[in-house]
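As given in Swiss-Prot:
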BINDING   8, 9, 10, 11, 12, 13, 14, 15  ATP binding site
BINDING   56, 57, 58, 59  GTP binding site
């Protein structure tokens, strides 16, 4: 029996995650109190069906160490994976404003604004997030995108095959929270300053041709490939189910997109399971 524990910030997509897990054959329990988690797992430990449990801000113990200790003990004798869903504050506020729903911290008596409730919840859950096996930033994801990402990550974990995720981003939009490695490519020649290339992206051939004329672009790409190829066997031996590599430039439109696409295609050719995402392009 596999146990998935799903948590995260309210509005980040926990209900979507549970629906995906249910579709994958998991028996799902929503908002189980933490002090009943160990007892519940013990009661179904001989079941052949995989189980998913969501942990909500409303049923967390006042002592955060209780949840950590409970999960530590469960992992000693069970196959446990903790998934944490996150999103930027402004996106969570937007989602609540659009649905006109009350934040859970407002429902349990906290006298605070929506913005304060989001900030307070993040501070309460920060330690749980640090201990999660899989952290997903859902800021720019539609329900469909989140469902597909969760499905591929969960199936990848179950098959014990390492999934390599390459994502481009713009530093002006902030660092991705789910990255294992971040490479800054802002020092490379910038197509933005070429008027004909400015409206294009790193996926367009004229931009690729421009970048490939510069030796430092090719050198950096090959050095990142070599670094990842060198340490990939060790990462796979460490029982990781995914590896997220983020490439950032200023706006996330040209240089980072090109390098990310090139890396993803290279590792696909090496037979790796690869996902490629362009965070800034997905915003538009």
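Heads up, the Cβ atoms here are built off N, Cα and C, so glycines get one too.
For residue 57 (GTP binding site), the spatially nearest entry among the binding-site residues 8, 11, 12, 13, 15 is 8, judged by CA separation. Under DSSP, residue 56 (GTP binding site) is assigned to coil, being neither helix nor strand in the three-state scheme. Less than 8 angstroms from the CB of residue 12 (ATP binding site) sit 85, 86, 87, 92, 138, each of them six or more residues away in the same chain. Cβ proximity to the ATP site centre (mean Cβ of 8, 9, 10, 11, 12, 13, 14, 15, cutoff 8 Å) flags the following additional same-chain residues: 85, 87, 92, 138. It is 58, among the binding-site residues 14, 58, whose Cβ has the fewest other Cβ atoms within 10 Å in the structure shown. For the pair residue 56 (GTP binding site) and residue 8 (ATP binding site), the Cα-Cα distance reads 7 Å. Between the binding-site residues 10, 15, the minimum number of other C-beta atoms within 10 Å of a residue's C-beta occurs at 15.
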